[in-house]
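Asks: Structure below; questions to follow.
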Amino acid sequence: MSLGYAEKLSYIEDVGNVGMSEFFDSSHVLQEKIERLAEMIQKSKHLVVFTGAGISTSCGIPDFRGPKGIWTLQREGKPLPEASLPFHRAMPSMTHMALVELEKAGILKFISSQNVDGLHLRSGIPREKLAELHGNSFMEACPSCGVEYLRDFEVETIGLKETSRRCSDVKCGAKLKDTVLDWEDALPTKEMLPAEKHCRMADVVLCLGTSLQITPACNLPLKCLRGGGKIIIVNLQKTPKDKKASLVIHGFVDKVIAGVMNLLNLRIAPYVRIDLLQVIITQSLSLDERYVNWNLRVASVHALKAPLPFIKSIEVSFADAQKYKAAVLHDQPFNLKRRTAPAEAFEILLKLNFIDGCGCPSIQINVPVNFKVSSDCFNLDKDLTIRNLKEKAIEDLCCGQNALIERKVILEPKTEVANHAIVTNIKAFNSDSWSNGDVKHPRGVNGTRISRKRSFGRKRKSRF
C-alpha cells in the first residue's frame with residue numbers, strides 16, 4: 001500500500017485525536033444492534049451512507065487515527081505500517097460491494113465519502129450517486145470542460161495541482177489537475193452540494209468507519225436531524241457525534257454489514273477488476289524499400305507516457321520461432337524494434353507477467369501482423385464486451401480472461417492500435433463467514449477457485 005497520500009499532505013501540528021482506543025460490543029449486544037440496523041435500513045425511504053477510512057482497512061489500507069493508524073504512528077515516532085500490496089491494486093471490501101447491492105436494490109440513495117482510495121467507484125457505485133469529498137487519488141479532472149479521468153495508477157500530485165497530462169477532448173486540451181485536497185483546500189462545491197442535499201433528505205444516515213473529526217465533512221450527517229432523520233454510527237472508536245446518534249455500533253464494519261445483508265436476504269456479488277492496455281505497432285519502409293521497420297509498444301490507454309502499473313515484464317515471442325528471435329522486456333516503456341520483409345505475415349505472442357497483487361501470474365495475447373492487408377478501424381461495444389468478461393470471470397471463478405475492445409489505424413506514421421481488456425482480479429464474498437461465529441476475512445481469488453456453494457443472485461424474501 002502506498003502511503004504517498006499521507007506523505008504528500010502539508011504538515012500541520014494538530015490533526016485531532018489519534019491513537020484512539022477501540023471498543024467491541026459483546027456478541028449478544030452486537031447481534032441485537034445488527035438486527036435493529038437491518039430493520040431501520042429496511043424501513044428507510046432515503047438511506048444515505050457516510051464513509052471513512054475504517055471501511056478500507058480490510059482492503060490492506062491503514063486508517064489514520066486507530067491504534068496503528070498513520071497519524072498515530074507518526075505522532076509516536078514509529079515507522080509507518082508496511083505495505084501488504086500496492087495501493088493501486090487494493091480491491092473493494094465486503095462493505096464496498098454490499099453498498100453496491102443496496103444501491104441496485106433501490107435502498108441506498110447516495111454515498112458521501114471522505115476516502116481518497118477510489119474504491120467506491122471501482123466497486124461499481126454510479127458516479128452521480130457518490131460525493132468524494134476529499135477527492136480521489138486515481139482521478140484527474142479537466143478544469144476547463146469538467147471531464148473526469150479515472151486512472152489505474154496513483155496520480156502523482158495532490159492539492160488540486162496540474163499534472164503531466166491534458167484533456168483528451170480535441171476541442172479542449174487543457175492541462176488536467178489532480179482532485180485530492182490538501183489541508184488548506186476547501187471542499188469542492190460539486191461534491192458538497194449533492195452531499196448536503198441528500199443528507200437533508202435522508203431519514204437514515206449510516207456512518208461507517210469514520211471518527212467524524214474532520215470538518216466540515218463530519219457535520220454533514222447532522223443535517224438529517226432537522227427533518228427527523230436518524231444517525232447510525234458503526235465504528236471501533238468513539239466519535240464526537242455519538243450523542244446525536246440513534247444507534248452506535250462498536251464492531252468491524254464488514255461484520256456488521258455482512259449481518260445486515262443476511263437479514264435483508266441480499267447476496268453480495270463478486271468484485272471483478274478489469275485493466276486495459278494498448279498494443280501499438282508502427283511501421284515504415286526502409287530507405288531501400290526492401291524491409292519494413294516496425295516498432296512494437298505495449299502502453300497504457302491513459303497516455304503514452306503513463307505507467308502500466310500492473311505489468312512487471314513482457315516476454316515477446318513469435319509463432320514461427322525458427323524465423324524470429326524472442327525477447328524479454330523488463331523496463332517501461334515496453335518497446336521492441338525489428339525489421340521484416342514487406343510481404344511477410346506473422347503472429348506475435350505477448351506473455352504479460354503481472355505484478356504481485358494481481359490474481360494470476362500471467363496471460364498471453366496473440367497479435368497478428370500483416371503489413372499488406374487493409375487496416376480498417378472498428379469499435380466493439382466496449383461496455384458489452386467488459387460486461388461479458390465479468391460474467392465469464394464470475395462463471396469460471398478465476399481471472400485471466402481478455403478481449404479486444406477497439407482497433408484503430410493512424411495513417412501517418414502508419415500505426416495500428418489495439419486496445420485490450422483483461423480480468424486481473426476477482427474477489428468473492430461469503431457474508432455467512434462474517435455473520436456467524438468468529439470474524440474471518442473473505443477469501444479472494446488469486447488464480448485459485450472458490451466453492452460454488454452460493455449463487456450470486458439476490459434472494460427473493462427478507463426477514464422483515
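FYI, residue positions are counted from 1 along the chain as it appears here.
In case you wondered, yes, glycine gets a Cβ from its N, Cα and C as well.
So TrEMBL has the following annotated:
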| type | residues | note |
| --- | --- | --- |
| DOMAIN | 27-267 | domain 'Deacetylase sirtuin-type' |
| ACT_SITE | His134 | active site, proton acceptor |
| BINDING | Cys142, Cys145, Cys167, Cys172 | Zn(2+) binding site |
| REGION | 439-464 | region 'Disordered' |
| COMPBIAS | 450-464 | compositional bias 'Basic residues' |
Asks: With the Zn(2+) site defined by Cys142, Cys145, Cys167, Cys172, which remaining residues of that chain have Cβ atoms positioned within 8 Å of the Cβ centroid?
Replies: Pro143, Ser144, Gly146, Val147, Arg166, Ser168, Asp169, Gly173, Ala174, Leu176
Asks: Between His134 (active site, proton acceptor) and Cys145 (Zn(2+) binding site), what C-alpha distance do you get in Å?
Replies: 21
Asks: Let me know how many other Cβ atoms fall within 10 Å of the Cβ of His134 (active site, proton acceptor).
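Replies: So the Cβ neighbour count for His134 (active site, proton acceptor) comes to 22.
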Asks: Take the Cβ of Cys172 (Zn(2+) binding site) and count every other Cβ within 10 Å, whichever protein chain it belongs to.
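Replies: For Cys172 (Zn(2+) binding site), the count of other Cβ atoms within 10 Å is 14.
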Asks: Given the binding-site residues Cys142, Cys145, Cys167, which one's Cβ is surrounded by the fewest other Cβ atoms within 10 Å?
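Replies: Fewest other Cβ atoms within 10 Å, among the binding-site residues Cys142, Cys145, Cys167, is found for Cys145.
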Asks: For the domain 'Deacetylase sirtuin-type' (27-267), report the average pLDDT of the model, please.
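Replies: Here the predicted model's pLDDT, averaged over the domain 'Deacetylase sirtuin-type' (27-267), is 93.
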